[in-house]
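Heads up, the thing below is written out as structure tokens.
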Amino acid sequence: MANNEDQFKKVLSHAKEYGYVFQSSEIYDGLSAVYDYAQNGVELKKNIRDYWWKAMVQLNDNIVGIDAAIFMHPTTWKASGHVDAFNDPLIDNKDSKKRYRADVLIEDYCAKIEAKIDKEVKKAEKRFGDAFNKEEFVSTNGRVLGYQEKINTILSRMAKSLENEDLADVKALIEELEIADPLSGSKNWTDVKQFNLMFGTKLGASADSAMDLYLRPETAQGIFVNFLNVQKTGRMKIPFGIAQTGKAFRNEIVARQFIFRMREFEQMEMQFFIKPGTQTEWFKHWKEARLKWHLSLGLGEDNYRFHDHEKLAHYADAATDIEFKFPFGFKELEGIHSRTDFDLKQHEEYSGKKLQYFDHEENESYTPYVLETSIGLDRMFLAVFSNSLIEEELEDGSSRTVLKLPAVLAPVKAAILPLVKKDEGLVKLSKQIIEDLKWDYNVVYDEKDAVGRRYRRQDANGTPFCITVDGESLENNTVTIRHRDTMEQQRVKIEDLKSIIKKEVDVKEWLMKM
Ligand code: ATP
């Protein structure tokens, strides 16, 4: 636990020190759960977005993109259910005056029991060595089964109480489990209340005519209300998808996990419109496709797991989360939901406009069903960044900090370093190399400090290649190229640089692994 906390602290300070993420309005002491992406962060974020867009839109001939406005007609949020039901159950601690999400307190309690299961597994693994069969162990070991049953009982009671709006029972559960305020240790709780997460604002200048609006809490509704426009103008045939990336806003109650839970964040969503009755096969398809996308980045198969929802939202007939192992444990990174025809039917009812599809093959009209994939761009950023930050022991006993970002996502692809900054010839050739490479790749020039220190700086920045220009370069047009992960150095021709870099950073090479 302590190690994970340390790792998380390192992630935060590294993100700031290397120009990835800053606290918003830091000179005014910041704004809680709002962050700015800095010079490197903005590139990493853009590369993640592009990687998603390419896989979802460009490579699928039946998926197109849109960019809907953040402001939407207020009735949208009545139809979607957000005005009435986009609530989190909150609870205050009377002594510390801190506010928590009641469901998160209970889930964190269960995560502690889960940690005990992990401990039993590790112990048994050690004892049995190669003969150890994890699946068999967790399905037969008495202690593990006991823990698992406890988790299941707690979570299903919570789910039932939340569904029935029985907030008194949620409080009773917190009291029965003797859950204490994680900061103060106090068990002196208020009642549980519902809290709507949407930010309100006003459109229009005069007080009388101003219209109450919301900042969108998800991008999905911009897709639903445009369903027919896109279908008609794009002559789309079912099954087809509409994808969108963009900002969403939620007045989160608990926002203490850096860019994991923000009040202003970015989503990458895709709504796939299908024929009713085919949702089970498409749910399976998108579950597999999305996991493959994640795995293509090579962050490690063991860091992902599916969490199928037992309790489903009233509009869904299947739902799963792709969870990622963040420094603070496995948490939701992406949601995949089979939403039936709920959204289109609701908008049809509230707008009075028909939102149906005429199927020429079947010669009939119907309201399509929808499969949604929804991932938080900032959470994906955190997954990639935290997983890549490594403290590596070297053979000579020293250590280095290296940010092993997937090369395709790295903000800067190569740093060009003249061995000696005072040598005009080396500087000139370095700049010529930059002039040539910058049309294809984001590259930087770095002449300060000894070359070893420059290598370390670029390692910590996540730059996959360092290209060093030295005296020999002037004689025979060759340079040294150093690889971030292996630290291997090769002497190569300047004219070959582009193809060497391309091999490692090309989106195609990465996405072909899917
Ligand atoms: P959580 O249970 O963590 O609050 P959610 O189930 O409400 O998430 P969805 O409404 O399904 O999330 O949103 C889809 C995705 O948007 C999530 O999987 C997550 O990656 C991202 N997301 C949601 N809320 C936030 C937030 N406050 N900050 C950053 N990303 C978020």
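Here the Cβ of each residue, glycine as well, is placed from N, Cα and C on the backbone.
If you look up TrEMBL, you'll see Arg101, Glu218, Phe265, Glu266, Gln267, Met268, Glu269, Glu372, Thr373, Ser374, Ile375, Gly376 marked as substrate binding site. Annotation source TrEMBL lists ATP binding site at 250-252, 260-265, 332-333, 376-379. What TrEMBL records for 143-418 is domain 'Aminoacyl-transfer RNA synthetases class-II family profile'.
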Item to check | Filtered binding-site residues, from Arg101, Arg250, Phe265, Gln267, Thr373, whose Cβ is under 6 Å from an atom of ligand 1 | outcome: Arg250, Phe265, Gln267
Checklist entry - If you measure every Cα to Cα distance among Arg101, Glu218, Phe265, Glu266, Gln267, Met268, Glu269, Glu372, Thr373, Ser374, Ile375, Gly376, the residues said to bind substrate, what is the biggest one in Å? => result 26
Item to check | Cα distance (Å, whole number) from Glu269 (substrate binding site) to Leu377 (ATP binding site) | outcome: 10
Next on the checklist: Would you identify which of the binding-site residues Leu333, Ile375, Leu377 has the most other C-beta atoms lying within 10 angstroms of its C-beta?
Outcome noted: Ile375
Checklist outcome for this item: CA pair Thr373 (substrate binding site) / Arg250 (ATP binding site), Å rounded to integer, equals 19
Next on the checklist: I need the CA-to-CA distance for Arg261 (ATP binding site) versus Gln267 (substrate binding site), whole Å please.
Outcome noted: 12
Next on the checklist: Please give me the binding-site residues out of Arg250, Glu252, Leu333, Arg379 that lie within 10 Å of Gln267 (substrate binding site), comparing Cα atoms only.
Outcome noted: Arg379
Checklist entry - Hey, does DSSP put Leu377 (ATP binding site) in a helix, a strand, or just coil? => result helix
Next on the checklist: I want to check the contact list for Glu252 (ATP binding site): same chain, sequence separation of six or more, C-beta distance under 8 angstroms. What comes out?
Outcome noted: Ala33, Asp88, Leu197, Arg261, Met262, Arg263
Item to check | Chain-internal residues, separated by at least six, CB under 8 A from Arg101 (substrate binding site) | outcome: Asp88, Pro89, Leu90, Ile91, Ile253, Val254
Checklist outcome for this item: Going by C-beta under 8 A and a gap of 6 or more residues, the same-chain neighbours of Arg379 (ATP binding site) are Ile259, Phe260, Phe324, Glu332, Leu333
Item to check | Between Phe265 (substrate binding site) and Arg250 (ATP binding site), the C-alpha gap once rounded to whole angstrom | outcome: 8
Checklist entry - DSSP three-state call for Glu269 (substrate binding site): helix, strand or coil? => result strand
Item to check | Proximal but sequence-remote residues of the same chain as Arg250 (ATP binding site) (Cβ under 8 Å, at least 6 apart) | outcome: Leu197, Met198, Phe199, Pro217, Arg263, Phe265
Checklist entry - DSSP three-state call for Leu333 (ATP binding site): helix, strand or coil? => result strand
